[in-house]
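Undergrad: Before I ask anything, let me first share the structure, which is written out below as structure tokens.
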Amino acid sequence: MDPPISSWRRLTFIEPVTFFIMFSFSISDSVITDMIVFKTCRKIMQGDERNNCTILYENSSSDAAKALQEIVQPHTATLLVLKSSIETLFPTIIILFLGPWSDTNGRKPLVTFPFIGSIIYYSLFAIQSSFEIDTYWFLIPCLISSLMGGFPTILLTCFCYITDVTDSQNRSWRLGFLDFVLFGGQLVGYLVSPVLFKEFGYCVVFAVSAVSCAIGFAYSYFFLRETIYTGLGRSVKSIFKLTLIKDLFVTATKKRSGFDRGIFLCCLLMIAFHDDMMQGTATIVYLFTKRFGWSIMDFSTYSVVQLSVNMIGMMLLIKIIAPYLKLPETVSIIIASLSNNGNALAKAFARQSWHMYLATGIGIFSLAPASLVRSIISKTIAKHDVGKAFAITTTMEKIGPFITTPLFVLLHTNFIKTYPCPVWFLPAVLTWVNIILAIIVHYRWRRLRIKRSTRETG
């Protein structure tokens with residue numbers, strides 16, 4: 001049984017932080033990809049042929065634009081893989097230290113500092129977009145932001161913070177609501193992005209993202225309350241102590257009463273595979289829709305519809321369907337994974353634009369697994385180990401895509417003309433792996449609860 005949570009903590013909200021960071025990301029994500037494609041085109045074309053690159057966004061549905069895409073995309077694939085690797089590798093290493101550190105030194109620094117990196121990230125992109133430079137210079141802002149923690153560190157802190165201010169009765173709902181606000185920021189970004197890009201171009205889009213991060217920084221610095229107090233003050237020098245890594249893995253592997261290592265391991269794998277699917281498909285879906293001749297406006301419209309449907313589906317499953325039918329988290333994960341499987345297969349066999357919207361309807365519950373798995377993890381770990389547990393979880397979320405995202409890009413690049421599109425069979429397989437893991441967790445979790453109940457009554 002969790003200890004009671006004080007009233008001020010129940011009224012502490014970290015959700016606005018996720019809104020601002022996700023808004024800044026979604027408003028510029030596809031624009032960054034588009035800029036890389038456009039400037040790569042101008043780089044590889046010679047003489048007057050460079051002027052043909054404008055057709056990529058002026059008349060993207062034309063045969064000439066599609067032919068040009070087939071020439072340019074293999075060149076952009078390398079840069080996109082490097083960008084993804086940088087934005088994954090460095091934050092993954094850093095959070096291994098920051099998670100355990102935050103358990104004794106506080107959560108707030110892990111929010112404010114990465115926001116500074118994000119402000120620099122988008123400001124540099126705004127400057128670079130105004131000049132004809134080699135596309136590999138775009139990796140510099142990625143490196144700076146990643147070394148300052150990046151989005152993964154903010155996400156890690158949000159999970160820890162929610163666990164600090166909730167008990168087991170309302171934690172699933174708050175984690176689900178956190179994701180709802182997160183994707184709400186993404187949705188608003190998708191709505192605003194095409195309008196800003198069409199009217200003002202690359203520079204203004206990146207400037208708006210930088211301003212959004214500045215607002216997020218101000219909110220976290222001035223309004224967000226700290227939840228960890230030790231009375232010892234913060235020790236910045238202790239951030240990179242190797243003993244933190246030791247404590248991290250002791251938390252995950254040490255056998256102790258009330259902790260099932262099998263459940264924790266299965267949850268780590270589930271959330272890693274889920275993130276593999278989400279990030280891998282997010283990397284290639286914009287390029288995939290080019291086979292339908294979609295522009296940024298078309299893609300943004302689709303993204304808004306998809307995200308709206310998925311957000312509604314996630315809240316329906318977590319807040320209405322599961323409580324009404326008294327479904328445990330594991331059964332809800334299985335339902336969501338089946339929905340995700342249907343979504344991937346529908347996209348693999350898509351021939352027309354409306355097929356993408358059909359896939360969205362089938363995948364209505366696709367966003368739900370992550371919140372449900374985190375809820376299970378938070379209930380199997382001691383309060384003082386929350387930062388360590390979510391550091392491992394977030395690391396697994398990022399290590400997986402570091403390996404699989406290049407695979408998604410390579411599959412798409414090498415099979416651009418193939419039907420059905422092979423790249424979508426990869427997430428279809430991963431959903432079945434998650435279903436098997438959820439079944440294992442279901443039976444082990446039930447056994448663990450029986451043991452706890454017997455111990456309390458005995």
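Cβ coordinates are placed from backbone N, Cα and C, and glycine is handled just like the others.
In TrEMBL, annotation is done automatically, which means it is predicted and not curated.
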Undergrad: Would you mind telling me which of 80-98, 175-193 TrEMBL tags as transmembrane segment?
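TA: Per TrEMBL, the stretch marked transmembrane segment is 175-193.
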Undergrad: From the ranges 110-131, 330-351, pick the one that TrEMBL records as transmembrane segment.
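TA: Going through 110-131, 330-351 one by one, TrEMBL flags 110-131 as transmembrane segment.
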Undergrad: With the ranges 251-273, 389-411 to choose from, which does TrEMBL describe as transmembrane segment?
TA: 389-411
Undergrad: Hey, would you say the transmembrane segment (175-193) packs against the transmembrane segment (20-38), going by three or more CB pairs under 8 A that are 6+ residues apart?
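TA: Yes, since the transmembrane segment (175-193) and the transmembrane segment (20-38) share at least 3 Cβ pairs closer than 8 Å, they count as touching.
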Undergrad: So which residues does the transmembrane segment (20-38) touch in its own chain, when a touch means Cβ under 8 Å and the partner is 6 or more beyond its ends?
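TA: Here the qualifying positions are 53, 56-57, 69, 72-73, 76, 79-80, 115, 118, 122, 125, 129, 135, 138, 151, 154, 182-190, 192-193, 196-197, 202, 205-206, 208-210, 212-213, 215-216, 219, 286-287, 296, 299-300, 303.
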